[in-house]
Amino acid sequence: MAALRAAKQAMRREIKKRVAALDDQEKLRQSRVISQKLFKHPKYANCERIAVFLSMHDEVRTEEIIQDLFKHGKTCFMPKYLTQGTSNHMDMVKLTSMQDMMSLPLTSWNIRQPAADDNTREEALETGGLDLILMPGLGFDRNGNRLGRGKGFYDTYLERCMKHPKGKPYTIALAFREQLCQDIPVGDNDVLIDEVLYEAPQGEAVHHRSGLQGAAV
């Protein structure tokens, strides 16, 4: 276990360096390419209840995706992170509009989320579950392994999803090319994701764990 933690920490440091070397213009360019690929994706088109993260400075920008969700009348959910001592908990709560998103307070991570005492929002698993989760992360490999930030929010939430009558939603990670790794070190509690969406170099096919292939952009 200690060796796995050390391997993950070393990989986190390496990936953070790679992403930090990208300027804002390049991050935005790749984010737009990835957003357009997502909008053409059959899973995205056919899903109604979708959870999406509000991006941090080192993640694929999601504002355009959130706008598109509302434009097409989909139901949008976002993470609400709760940290109490050594316990980490995440819910996916309903977001009603872009104005609603912009009115949310900023956390110490410089991302917007509902205040801790905002208990009025619908939580996805208390109602109809989720069809699709758009996943953040620090690193990914082509086998569906994901390296998070070490808090376990998403792995724990996906385990909860599996107990919902609707079952586990389809998962698509959004990644900069610089976040792709040959192999991600994983443990027993790490949940595989179904697909990684990124700007592939010309001529490369994008392989998904589900067996699908996507054309390179």
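Here the Cβ of each residue, glycine as well, is placed from N, Cα and C on the backbone.
Caution: TrEMBL annotation is automatic and unverified by curators.
Quick look at what TrEMBL lists:
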| type | residues | note |
| --- | --- | --- |
| BINDING | Lys8, Gln9, Ala10, Met11, Arg12, Arg146, Leu147, Gly148, Arg149, Gly150, Lys151, Gly152, Phe153, Tyr154 | ATP binding site |
| BINDING | Leu54, Glu59 | substrate binding site |
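Around the Cβ of Phe153 (ATP binding site), 19 further Cβ atoms fall within 10 Å across all displayed protein chains. The binding residues for ATP are recorded as Lys8, Gln9, Ala10, Met11, Arg12, Arg146, Leu147, Gly148, Arg149, Gly150, Lys151, Gly152, Phe153, Tyr154; their greatest pairwise CA distance is 21 Å. Around the Cβ of Lys8 (ATP binding site), 20 further Cβ atoms fall within 10 Å across all displayed protein chains. Across the fold, the C-alpha of Glu59 (substrate binding site) and the C-alpha of Leu147 (ATP binding site) stand 13 Å from each other. A straight line from the CA of Arg149 (ATP binding site) to the CA of Leu54 (substrate binding site) spans 15 Å. For Leu54 (substrate binding site) paired with Lys151 (ATP binding site), the C-alpha to C-alpha distance reads 17 Å. Within 10 Å of the Cβ of Leu147 (ATP binding site) there are 21 other Cβ atoms, across all protein chains.
Around the Cβ of Lys151 (ATP binding site), the number of neighbouring Cβ atoms within 10 Å comes to 12. With a cut-off of 8 Å between CB atoms and residues at least 6 apart in sequence, the same chain places Leu138, Gly139, Leu147, Arg149, Gly150 near Arg12 (ATP binding site), listed in sequence order.
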